[in-house]
Amino acid sequence: MSGQFNNSPRGEDKDVEAGTSSFTEYEDSPFDIASTKNAPVERLRRWRQAALVLNASRRFRYTLDLKREEDKKQMLRKMRAHAQAIRAAHLFKAAASRVTGIASPLPTPGGGDFGIGQEQIVSISRDQNIGALQELGGVRGLSDLLKTNLEKGIHGDDDDILKRKSAFGSNTYPQKKGRSFWRFVWEASQDLTLIILIVAAVASLALGIKTEGIEKGWYDGISIAFAVLLVIVVTATSDYRQSLQFQNLNEEKRNIRLEVTRDGRRVEISIYDIVVGDVIPLNIGDQVPADGVLVAGHSLAVDESSMTGESKIVQKNSTKHPFLMSGCKVADGNGTMLVTGVGVNTEWGLLMASVSEDNGGETPLQVRLNGVATFIGIVGLTVAGVVLFVLVVRYFTGHTKNEQGGPQFIGGKTKFEHVLDDLVEIFTVAVTIVVVAVPEGLPLAVTLTLAYSMRKMMADKALVRRLSACETMGSATTICSDKTGTLTLNEMTVVECYAGLQKMDSPDSSSKLPSAFTSILVEGIAHNTTGSVFRSESGEIQVSGSPTERAILNWAIKLGMDFDALKSESSAVQFFPFNSEKKRGGVAVKSPDSSVHIHWKGAAEIVLGSCTHYMDESESFVDMSEDKMGGLKDAIDDMAARSLRCVAIAFRTFEADKIPTDEEQLSRWELPEDDLILLAIVGIKDPCRPGVKNSVLLCQQAGVKVRMVTGDNIQTAKAIALECGILASDSDASEPNLIEGKVFRSYSEEERDRICEEISVMGRSSPNDKLLLVQSLKRRGHVVAVTGDGTNDAPALHEADIGLAMGIQGTEVAKEKSDIIILDDNFESVVKVVRWGRSVYANIQKFIQFQLTVNVAALVINVVAAISAGEVPLTAVQLLWVNLIMDTLGALALATEPPTDHLMDRAPVGRREPLITNIMWRNLFIQAMYQVTVLLILNFRGISILHLKSKPNAERVKNTVIFNAFVICQVFNEFNARKPDEINIFRGVLRNHLFVGIISITIVLQVVIVEFLGTFASTTKLDWEMWLVCIGIGSISWPLAVIGKLIPVPETPVSQYFRINRWRRNSSG
């Protein structure tokens, strides 16, 4: 099955840039879906201007507010300008002070529990006043005033945290209040059709009281007004609930978890729990969580564009440029910061307090469905106009009959008040047809299903950042997945080791290693790491850092490494953080005897390639011959073939006097990486996640090809791919199925596009290789999902149709560029996201089929009846009730259907596949025609068929039966809509409690309206026989649906025939 789905789209059908049809200009139909990820605002604005929109305020209530987006951007620009103005003023003032010799005065200390007050520290930090900081004794002097130990952090007990929050505030900012319920009521009441109905209700009330008296004259007017009020309240309630859900999800997105140093150990806390005085480690890709100063760092560079608006990377150091602004991203290097300002006392906090956070997304499905609503609204408006014209003409020509069977209007005899009342009633019917015809429930259904899916996906360990990803994931044809932590457990242990050329019997036994060898090895491990080691109060050793770092640090501890002692005895002079491009990281360490060692650690074959010597058991440096190099490469291949990650550790000596002494020159100094001496090669085991093989198989069955893109050795990648089922057998492990990143990037663009679909595993790849693969796959028409965790993965995450960042190992930069965050870093959660994506799309289609059936049936019945008989069987109040069933209750019932395994048996939804499929057209046509036929027969022959001639209110009973049968038909048809392409429409129905509940509520309300609210709804009580007739009419839709599903449909979409004909006409013209 997977084979047929994985074939690339035909070149003649797809545009190479976006995977769109070659008939693109003719395909811009409201029934198609196009990708709008990263769509420019101007394009969205043009779409609105091009559409003829009816009731824009209501139609677009679920789409992006372009004006609000522009206001938000304007506020950002103002805040950035404000920050720059403050700094410019400070620089001017500082320059003047230097010229005149007058020092700028510092604000007075605040006293209290600390040696510095909030006003003073905020002033220094916000103005980036380096002079004032130096007067306090620099960073160390400031830390003393804040009672912070720069190595161990704050005490962090409850009393200490409380005092700091009291003195300096908390790391939160006042949120703008969300819109109140009454605001939603006001917005819902702005619908033009509802306003017209209210006016009509008032007119009907006034005329009715005047002509019929207070006792009976108020019925029609109050009934219409109450029905309109009910629609407004239900709409507002639904909108308000969705707003609260999205507000909660936005809160979850902002709640970043990070590590701080407290009481000598690393602890993970929420960003909201940071306090002034906290010591926070920073690594590449981290977001600076609060304002602060740099304590120490190595090649630390920060992207301040989020605050300054300038795309410039700023180098930071602890003496000249120590200030860090919250909200900025660490672009390179690492370091440690001391927090000086939190919450609204930071510029980021001020900015966030000024700009309200909206859901802000406009999904492709919402765009298209608003187009559908507009398109059908125009049809409804046209039909309503025709009905209004026909009814008015029939009325004034005497063809409209009254209850006694005579003409309702007689020229010169009918009173003006009665004419006005009759015209208001006619106009009300026409307006109500518009209300029913316009499927406003379509955008609501999208919002409901997205909100429901997002909430449920949180339980499945997936946090949706961009709404469009929910839909797009259902169309994914390929997933480019990382290996480490996604396909594997990320629980790494050193299980094999070569010391020099000697394989150790036990990787953690140091008894056979000479002391000098062990000493230089652990020195490099202790300094060349972003992890840390500390002892808890119980004396237990705890290790933090990435899984690879933890594995190597734990191994070094078993070899006898004293982490704290090594860090204090020797100091790191320069640091080169691990780079995913170079696959290695290094550090220059100055020992107590002033000798300098350059330590490197990274991918085994890459570090080994820079080694010219190795250290043997006698502590001698031995030349690395070709034979010895070959033997080590064989050992690496052997470990990789057993799915071990291979890491090499090497060093070299360096002359101390050649190290730059100037801080700026030192920051630009590149560590020498040649003539290295090999110390050790370790094999790290990271087992596959249980169940990942089944997940990969499930994707393949669903037509989604899983590709592994990893930085690991090609042999390691092959072994894991075979274990996970990405490669079926060894026979598949050859190019281009299995390829190295450097080979792929060496190809031309045309060659990459040609082979990209065959690639299953890419080993030793860089983030840029992943980006190139994504671009090639997209050019071939694929909908691409990509997983990533590193800062350098950001371009690929941004370029992909769906970017999936890892919640545990992922950097903040990667998360910010992603569409969905996988909270447990598990590939099984990625597959669940695919299921939910398909569920969103399927649920929308179910609701479209259901609602358009009602639209078509209601329109045809009223139009035919109006033109032929001069009256409509469904009154304004009845149509408003049907509208309520469709728009809100129907959307709730069908848009919240949970995903089923059946969804994963289908091929992915094509990028340009019509929203309304041929199966849906078939089902819709059969049900609508059945309802129209039966109800029109009842309208014209109902009195005789139902034997009502002897009853005094026969006409009212007949119309009540038509209304009741129409509603019950919709109840039965909701079951059909659950399973558009399955015979068994009841499968799983009892597990969907919401569906069962809504069906029950609809039935109960219908009974109440018919039996007890006759005056309100223009109905009369029905006897049990009439109820059986109505139920019988509705129940026939079930066997009819079964018969209909046996009728085959053509593969070519219905809309395609019209497009091809239109294209031919344009071509011939």
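Using the three backbone atoms N, Cα and C, a Cβ is placed for every residue, glycine included.
Swiss-Prot lists Asp482 with the feature active site, 4-aspartylphosphate intermediate, giving similarity to another entry as the kind of evidence. Counting every protein chain shown, the number of other Cβ atoms lying within 10 Å of the Cβ of Asp482 (active site, 4-aspartylphosphate intermediate) is 25.
Annotation comment: Swiss-Prot describes Asp789, Asp793 as Mg(2+) binding site, evidence class similarity to another entry. Taking a C-beta cut-off of under 8 angstroms and a sequence separation of 6 or more, Asp789 (Mg(2+) binding site) has the following same-chain neighbours: Asp482, Gly485, Ala805, Met806, Gln809, Gly810, Thr811, Ala814, Asp825. Secondary structure at Asp789 (Mg(2+) binding site), as computed by DSSP, is coil.
Residues annotated as N-acetylserine in Swiss-Prot, with a large-scale study or a structure entry given as evidence: Ser2.
According to Swiss-Prot, the feature topological domain 'Cytoplasmic' maps to 2-180 (among others).
Here the topological domain 'Lumenal' (202-219) returns a mean pLDDT of 69 for the predicted model. Sequence annotations record features per position, and here Swiss-Prot assigns topological domain 'Lumenal' to 202-219 (among others) based on sequence analysis.
What Swiss-Prot records for 241-369 (among others) is topological domain 'Cytoplasmic'.
Under the heading topological domain 'Lumenal', Swiss-Prot lists 390-426 (among others).
Swiss-Prot lists 445-844 (among others) with the feature topological domain 'Cytoplasmic', giving sequence analysis as the kind of evidence.
Note on the topological domain 'Lumenal' (864-874): residues 386-387, 390-391, 394-395, 399-401, 429, 858, 882, 932, 935-936, 939-940, 958-959, 962-963, 966 of its chain, located 6 or more positions outside it, place their CB under 8 angstroms from a CB of the stretch. Taken from Swiss-Prot, the feature topological domain 'Lumenal' applies to 864-874 (among others).
As a summary of secondary structure, the topological domain 'Cytoplasmic' (896-915) carries 5 helix, 0 strand, 15 coil according to DSSP. Swiss-Prot lists 896-915 (among others) with the feature topological domain 'Cytoplasmic'.
Mapped onto DSSP classes, the topological domain 'Lumenal' (939-951) shows 7 helix, 0 strand, 6 coil. The topological domain 'Lumenal' annotation in Swiss-Prot covers 939-951 (among others), and the record cites sequence analysis as its basis.
The topological domain 'Cytoplasmic' annotation in Swiss-Prot covers 974-991 (among others).
Residues or ranges marked as topological domain 'Lumenal' by Swiss-Prot: 1014-1023 (among others). Residues 219, 222-223, 226, 875, 877-878, 881, 953, 956-957, 959-961, 963-964, 1030 of the same chain, all 6+ positions outside the topological domain 'Lumenal' (1014-1023), place their C-beta atoms under 8 angstroms from a C-beta of that stretch.
Annotation source Swiss-Prot lists topological domain 'Cytoplasmic' at 1046-1069 (among others), citing sequence analysis.
Tertiary neighbourhood of the topological domain 'Lumenal' (939-951): same-chain residues 861, 865, 868-869, 873, 957-958, 961-962, 1026, 1029, selected by CB-CB distance under 8 Å and a gap of 6+ residues from either end. In the three-state DSSP scheme, Asp482 (active site, 4-aspartylphosphate intermediate) is classed as coil. Sequence-distant neighbours of Asp793 (Mg(2+) binding site) (same chain, 6+ apart, CB under 8 A from its CB) are Pro767, Lys770, Val786, Ala805, Ala814, Lys817. When DSSP labels each residue, the topological domain 'Lumenal' (390-426) comes out as 18 helix, 2 strand, 17 coil, counted as helix, strand and coil in that order.
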